[in-house]
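> Got a structure for you, written out below as structure tokens; questions coming shortly.
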Amino acid sequence: MYESAVRLSPQATKTSGEMDKPLISRRLVDSDGSLAEAPSEAPKVGILGSGDFARSLATRLVGSGFGVVVGSRNPKRMAGLFPSAAQVTFQEEAVGSPEVIFVAMFREHYSSLCSLSSQLAGKILVDVSNPTEQEHLQHRESNAEYLASLFPTCSVVKAFNVISAWTLQSGPRDGNRQVPICSDQPEAKRTVSEMVHAMGFTPVDMGSLVSAREVEAMPLRLLPGWKVPALLTLGLLVFFYAYNFVRDVLHPYLQEGKNKFYKLPVSVVNTTLPCVAYVLLSLVYLPGVLAAALQLRRGTKYRRFPDWLDHWLQHRKQIGLLSFFCAALHALYSFCLPLRRSHRYDLVNLAVKQVLANKSHLWVEEEVWRMEIYVSLGVLALGTLSLLAVTSLPSIANSLNWREFSFVQSTLGFVALVLSTLHTLTYGWTRAFEESRYKFYLPPTFTLTLLVPCVVILARGLFLLPCVSRRLSKIRRGWEKDGAIKFTLPMDHTLAQKTSHV
Ligand SMILES: Cc1cc2nc3c(=O)[nH]c(=O)nc-3n(C[C@H](O)[C@H](O)[C@H](O)COP(=O)(O)OP(=O)(O)OC[C@H]3O[C@@H](n4cnc5c(N)ncnc54)[C@H](O)[C@@H]3O)c2cc1C
Ligand SMILES: NC(=O)C1=CN([C@@H]2O[C@H](COP(=O)(O)OP(=O)(O)OC[C@H]3O[C@@H](n4cnc5c(N)ncnc54)[C@H](OP(=O)(O)O)[C@@H]3O)[C@@H](O)[C@H]2O)C=CC1
Ligand code: HEM
Ligand SMILES: [Cu+2]
Ligand SMILES: [Fe+3]
């Protein structure tokens, strides 16, 4: 991704022939004394505002090879918060050199920039703002159109509003991170699209600036990341609880007249929680497998995944954390099983039965081993999952580089899935094959949960086969099935985006 930053260098933009002026005018780099010390090769980008978004943007731009100059009303106070490679200065000094200037301020302060309008003339202004729900309803005209009306001599581009400051700083990790872009000036739009690309995001052409209203509505419209995973978890909880209720409580009551309703608070819950945790965990690793399979079939990584898969890939963190939550509760419930009075009565009754049957030593070697092993595997699985949960805390995630983070999330997470599967299999043992375990023809609960995890594990095994893994890694390095690597001109790229993103 980062190599596309090269396209932004003055020489490269010139060769495209369609731009009559280079993105970075070298004249400005040395005309102003204060700018001379900045690396003269890096394309310069300006940012107005020094808030959260400005800081993340500056970090990301510096990391993607751009020179950054930040314009603030109070540069002295703010400079310490920015990466040292970014230059923080007064607004009027900051806007002199760059051709592209991000306006990282709220709408109500746009008019305070009017004093800069002569210096801003002819430049590209990027509007990143997000209105609140009320503001969106209140103003007919989008923030970007408002900015364009204040600065008629500038090219205004709407972009980045859908990306949070946090994502911007940490970089896009999973799925596609799309940045919708619109503008009335195609040149300006293309320049910003290439910057989006160089920063590791995927630009999506949304047409002219009238679309800005729609683009500004996007973050308002999107579901908060937790809603779908939480509903999924709730659905699974209800399903498994009902299933276990029928098997463990209703069946003995109807068939044998036994009252087992005491199982509702602990026992049935502790059969439900682990099943939900286990299914959720497999649903975290299933989309990665589907994505890889899709890339293998298409023979390219340059086509967008279907929306449902994209959405799923982006919700894995929440699904994973909910899985961890259920698994942790399952462990706590498991520790409580022997504390219950019902358990003590069961033990005493068993002892009495033994005495009456004149047996002195109850010890089933197979049962002992089975339990020792499945409890140990469960503890290991939960321990591994807690590592994943800990590294998903932003402060810890930020202290890891992406390879370390991927190792924990992708490799150790998969190990946790395998350990959970072994835990479930050793717990289940031969029960899936015993007729007495089928209540109302319903198989034991754990058998229902094994399907998806086993498919995921088999598929990951398949991807490890040399021929498959070689092809997959070739595709992920940019190789395409039909012919050599395609070089798309910026123009082709925006066209391709347009057709594939409808
Ligand atoms: C408790 C818990 C906490 C979680 N916290 C987070 C979190 O904080 N953030 C988060 O994003 N997810 C989180 N998750 C979700 C999950 O761990 C991650 O999404 C994980 O990266 C998924 O791994 P994956 O291997 O399925 O997918 P991916 O890492 O997307 O990879 C899919 C497949 O492609 C391969 N692959 C990927 N990229 C390349 C490449 N460039 N070259 C070659 N092969 C490649 C992988 O090896 C894998 O086989 C969490 C999950 C749990 C259980
Ligand atoms: N935070 C986020 O995750 C996202 C933010 N955005 C958008 O980015 C823009 C900035 O957001 P954010 O960085 O969070 O907000 P902040 O409040 O943190 O920053 C706003 C900045 O505006 C500058 N500013 C310039 N003129 C004025 C003025 N007259 N009064 C007050 N402030 C002024 C200030 O910088 P200084 O004092 O140096 O001049 C201030 O730091 C907003 O439009 C927001 O919708 C978009 C997507 C995500
Ligand atoms: C400290 C960690 C763990 C301990 C002590 C533990 C213990 C147990 C126990 C005692 C049972 C039997 C429950 C019963 O008798 O009803 C069980 C079943 C099960 N556990 Fe765990 N477990 C742990 C972690 C996990 C994890 C991390 C997962 C998966 C994410 C998991 C998934 C399951 C499943 C699917 C079952 C079968 C449930 C059923 O169908 O009855 N366990 N575990
Ligand atoms: Cu691309
Ligand atoms: Fe969502």
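Every residue, even glycine, has its Cβ placed from backbone N, Cα and C.
Remember, predicted model here, so these are calculated numbers, not experimental data.
Features from TrEMBL:
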REGION    1-22  region 'Disordered'
DOMAIN    44-131  domain 'Pyrroline-5-carboxylate reductase catalytic N-terminal'
TRANSMEM  228-246  transmembrane segment
TRANSMEM  266-294  transmembrane segment
DOMAIN    275-419  domain 'Ferric oxidoreductase'
TRANSMEM  319-340  transmembrane segment
TRANSMEM  373-393  transmembrane segment
TRANSMEM  405-426  transmembrane segment
TRANSMEM  446-468  transmembrane segment
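So that I understand the layout, could you describe where these features sit and how close they are to other parts?
Counting only same-chain residues 6+ beyond the ends of the transmembrane segment (266-294), those with a CB under 8 A from a CB of the stretch are 232-233, 236-237, 240-241, 244-245, 248-249, 305, 309, 312-313, 316, 319-320, 322-327, 329-330, 333-334, 336-337, 340, 385, 410, 413-414, 416-417, 420, 424, 445-446, 448-449, 452-453, 455-456, 459-460, 463, 472.
Residue counts for the domain 'Ferric oxidoreductase' (275-419) under DSSP, helix first, then strand, then coil, are 123 helix, 0 strand, 22 coil.
Panel annotation: around the transmembrane segment (319-340), residues 229-230, 232-233, 266-267, 269-270, 273-274, 276-278, 280-281, 283-284, 375, 378-379, 381-382, 385-386, 388-389, 392, 413, 420 of the same chain, lying at least six beyond its termini, place a Cβ under 8 Å from a Cβ of the stretch.
Remote same-chain residues near the transmembrane segment (405-426) are listed as 173, 274, 277-278, 281-282, 284-285, 288, 320, 327, 370, 373-374, 377-378, 380-381, 384-385, 387-388, 391-392, 397, 446, 449-450, 453-454, 456-457, 460 (criterion: CB distance under 8 Å, separation of at least six residues from the stretch ends).
Sequence-distant contacts of the transmembrane segment (446-468) (same chain, at least 6 residues past either end, Cβ-Cβ under 8 Å): 243, 275, 278-279, 281-283, 285-286, 289, 292-293, 296, 414, 417-418, 420-421, 424-425, 427-428, 431-432.
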